[in-house]
């Protein structure tokens, strides 16, 4: 095991110096596919201070295109961290009270081992020789990090979208290590529609000749067009129709009349193109393939004889499940399926459907009711945990 | 004007002999863009017999990727006509009673003038030199055909999706020529979300190097990959989540376990890829750009001082508006906007929201309540029309 504080990553045709920490686990790790894979490096970021008892850790699990830069300026985009509204001093996840950890998922492209990493056996990037991983594998790698930090039990595991899948997986795989779990805008399985949209994105990437059958890094190419189209497709699914209407409607871009051409006449076209172009500068095409695949494979019930409730049997974890009314990608119904399964085994669960017209992305936005929900649940859990009820349960 | 019964079209790298008729209008036609364009050829198909009074004509308007082969084996795909369930002897649109007409839209690729047609001035296909057209232009071209046939008033104009847009445009542009109008699963304007999905498809096509900036025909290329991705994206929007779940769920394709790879593990992936591949064999990429653009531009209210009701003021047309509960592309709300506008000017309108879990594509499928709705409305209109009430109105 090696801890380092300085690392560089390759993203597209640039090399970027990343802040944060990383740790290298030399031992191979068993994967859900049956393979054994290693070494594995985990890049992560922390905020706040771990207390002496190591009982104040909050693990944040990021979404498909998220990363470890939760609450600080992003080293590539220079935008605020993706959950700055939720995580920070005095925020719902209060970094003055909690030690917040977020690691880049394996398979990603922000420092943890993924297809862009160099295969030590060949000296070349893994590319498509990287093994197909699952949400379970991502969580297994995170557990290595948590164990390495000497944390026996996480006060809270929280995340939205694919982050929510990891939260559920944590609660199912390591229930004794999780006091409270907050899966947000997520699902216990990827639906046919979810898989369909991901497949469109993957086909767009693989259709780009610059993808070079996955070996674009060796050939100094970047499948920009394909990755950009994949992002555009996905982005439409992150927003609700009312949100798009409110943001753009049919307003024209920098002009007062239709041009009768194929330029971006409408603001929404220009916005989408921008989303595509900028995404390409911070994300790796093969990582996009691997991470979408991991989400498609996610099906908690399948691992438990087809009955989701079995996954949560005798769970000591306190759950707060949150959905958003206008989220059509991971709609309330999918989140309610989690609640029903938890209820069926008499687990400790509360459920809040937040009224919002922002669509799936609501979990990243300034949604006061949502932030109050998280704040309230975290404070309630903290009372139980730090007054010894939960803390007693560690030993 | 020239009438012909034999014509060939070029579709991708093949030349195909098309059944049906076509007529050439040498005179240029004014377009909504302000340009004047011609000559224009209209390829069309008819079913049934026009009566001596020419009062039994039903015009069917097809959707984005539809064509004139409504009720017969398709000359390229060899599948049944796209509305065989609706149109034929004894069907709701009864070809033993009605003379049914359907023409390929201009801008399309099934024989009517479009980007694949040869520009008589250059001898090369128009490609991107084809003018950007609108739903209004498509309908203007159809009116030439109807005038040419000597039909003074259509008994009924009917169509779903983009076909429904044309129905609305007919009722607004030529109200005195339409006795009954049936816009189905459509909208009075394309929303930001609708435009966004189309833009993703266009970007996928334009990202394909084989698109050659629109000049792929001259270069003997076909932008298969891009057009295929565009079709896949659109196809997901045509189906509801419950329909995808019912059809595919998370069932695996020809295998009993996940392969941990990027082949089509799930049936839904395999289905989508197939949709993409087969579409490419029957559709032209530039036509896809032009027709999606026409839909994006559609906004009936905009042409009437921003108030949709103005478009229908004093309309003599009898309307039946139909939507489907699970259609999220042109949802009930969008169809209800049409009904509200018609009500605001005291137009003759009935509205049916059909319960269906099939999504937008429901209008193409065996949906008994839907077919009964059309059958009932058409029969009711026929009683009024053929008993002289409406017929009197032609003269």
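Here, residue 1 is simply the first one shown, and the rest follow in order.
Using N, Cα and C of the backbone, Cβ positions are placed for all residues, glycine too.
Whatever TrEMBL says is automated annotation, not expert-curated.
According to TrEMBL, the protein carries these features:
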DOMAIN    A:56-365  domain 'AB hydrolase-1'
ACT_SITE  A:161  active site, nucleophile
BINDING   A:231, A:361  substrate binding site
ACT_SITE  A:327  active site
ACT_SITE  A:360  active site
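What TrEMBL annotates, mapped onto the structure for a quick look.
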residue: A:161; record: active site, nucleophile; DSSP (3 states): coil
residue: A:231; record: substrate binding site; DSSP (3 states): helix
residue: A:327; record: active site; DSSP (3 states): coil
residue: A:360; record: active site; DSSP (3 states): helix
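The Cβ neighbour count for residue A:231 (substrate binding site), using a 10 Å radius and every protein chain shown, is 24. Across the residues of the domain 'AB hydrolase-1' (A:56-365), the predicted structure has a mean pLDDT of 97. Comparing residue A:231 (substrate binding site) with residue A:360 (active site), their Cα atoms are 15 Å apart once rounded. One residue stands out among the recorded positions A:327, A:361 for having the most other Cβ atoms within 10 Å of its Cβ: A:327. Neighbour list (residue A:360 (active site), Cβ cut-off 8 Å, at least 6 residues apart, same chain): A:161, A:185, A:237, A:238, A:239, A:240, A:324, A:327, A:328, A:329, A:330. Residue A:161 (active site, nucleophile): 27 other CB atoms within 10 A of its CB, across all protein chains.
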